[in-house]
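Asker: Okay, here's the structure, questions in a sec.
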Amino acid sequence: MSDIALTVSILALVAVVGLFIGNVKFRGVGLGIGGVLFGGIIVGHFVSQAGMTLSSDMLHVIQEFGLILFVYTIGIQVGPGFFASLRVSGLRLNLFAVLIVIIGGLVTAILHKLFDIPLPVVLGIFSGAVTNTPALGAGQQILRDLGTPMAMVDQMGMSYAMAYPFGICGILFTMWMLRVIFRVNVETEAQQHESTRTNGGALIRTINIRVENPNLHNLAIKDVPILNGDKVICSRLKREETLKVPSPETVIQLGDLLHLVGQPADLHNAQLVIGQEVDTSLSTKGTDLRVARVVVTNENVLGKRIRDLHFKERYDVVISRLNRAGVELVASSDISLQFGDILNLVGRPSAIDAVANVLGNAQQKLQQVQMLPVFIGIGLGVLLGSIPVFVPGFPAALKLGLAGGPLIMALILGRIGSIGKLYWFMPPSANLALRELGIVLFLSVVGLKSGGDFIHTLVDGEGLSWIGYGALITAVPLITVGILARMLAKMNYLTMCGMLAGSMTDPPALAFANNLHPTSGAAALSYATVYPLVMFLRIITPQLLAVLFWSIG
């Protein structure tokens, strides 16, 4: 068998063994995709014992390409929400998550200086302790750029594997410990979250209001500031028994019922100006109006602002809200449409059908992947990651590398959405498939390279010490920030658990947090809020640590 055939066969075996290990769960928690790393270590041990020779060049290419696929698809997935998560709505959660990253870096630096841990080893421990595989790839990339021998670079994968198991268990232990320390009643926390969940004003709500302010009588909607802005949408108006779709020129009268869509704070302001909330239904049932959800798939409308499409003037149809990448938004007239946006339309059936034709609404297109934008994005990301930045006093030029470059480019392209007829939307199933393929390839090679000396290092070497160092890097930031968030910020326990899981970019921890109260979405919401920024910082941090440690010796 040729070296290439043998290498591919061994990688396939690693994937099978690793995915099987990852699917084994104890009380609902398993290693997940991290099991591939340990599958690689097991197979790598026996490959080394058997004296087999694999193609090192091929393994290197597969490892790097897998990493590129993984970080690129992550960037495309979180891009639409990345910059939004930096705004005020998620500022507090993101600040606590960033603090966890910073404390983890400080603990790593202290351990490195106190115990004289080799640079590749301490970076591997750091990456494993925070269960972040892209951080491992980014660290290995910068070490190679700094001229570190390959044998030393491979040690990073081994120390990563030592620290990884407690990285998963440590966050679960932290959640349990904080629950005991603060005597948390999970049911009470869930009820409190449900009663106050505004996510900084990010959730979209509807309200029916009766016009009671005499100053508004016989005014057109466009002349009422609270209704003429982009924060509140009036999608229906009921006068006596007639339900209609209002336009900016529609004149409102005392006693009219308005169906408003917006964020809770904005709806409250509208209520103060217009009148009291009423329980009267403004349902379209039994009327000549209906509500429909339509998907944007027509390339001709991509990048166009809602106001420029003139749906209200041409078709008497109102867009009441917009869903982008799972996030509900008020359909502001200044919003530019992106491929895959889901619009809530209110209007007559024939008019809605006409608008749907303009927008596309071709469900089959959502399952298709445009491969040209994928490779354009990957290519641009690799180029971005290869740009050297020379800083006086540093031994090597700083680069984003094959982990940082594709990630940042994907974040930017995911946020832009489309350029002309090129759109970077990727169906969730396709995104997940490419992401899983990439991480399986990457971890398979890392495990194979680490497997030969893993047992020896664990039993006869410094493996146990590495596990201890990793436990400190995992536990100290989580416990510290968890206590601060609960005591100082009075953060909801379920929200805090999601934030802790997101700060470690750890899906098994999110699964555990979700199971604390299966019907509450608090943990998932906070996890999604901090995940994009933290993923970016986790990839950049080992590179900064590597250059810092290298420069100060």
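Glycine too: its Cβ is placed from the backbone N, Cα and C atoms.
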Asker: Would you please say which range out of 28-48, 133-153 has the annotation transmembrane segment in Swiss-Prot?
Answerer: 28-48
Asker: Would you kindly check 28-48, 439-459, 464-484, 493-513, 533-553 and say which stretch has the most C-beta pairs under 8 angstroms to the transmembrane segment (95-115)?
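Answerer: Selected stretch: 464-484, with the most Cβ pairs under 8 Å.
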Asker: At an 8 Å Cβ cut-off, counting only pairs 6 or more apart in sequence, do the transmembrane segment (4-24) and the transmembrane segment (439-459) clear the bar of 3 or more pairs?
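Answerer: Contact between the transmembrane segment (439-459) and the transmembrane segment (4-24): present, because at least 3 Cβ pairs are under 8 Å.
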Asker: Any chance the transmembrane segment (439-459) and the transmembrane segment (28-48) are in contact, meaning at least three CB pairs closer than 8 A with a sequence separation of 6+?
Answerer: yes
Asker: What same-chain residues lie close to the transmembrane segment (28-48): Cβ under 8 Å, and 6 or more beyond its ends?
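Answerer: For the transmembrane segment (28-48), the nonlocal Cβ contacts are 10, 13-22, 54, 131, 133, 160-161, 164-165, 168, 172, 436, 439-440, 443-455, 507-508, 511-512, 515.
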Asker: For the transmembrane segment (464-484), name the stretch out of 158-178, 493-513, 533-553 with the most CB-CB pairs under 8 Å.
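Answerer: It is 158-178 that shares the most Cβ pairs under 8 Å with the transmembrane segment (464-484).
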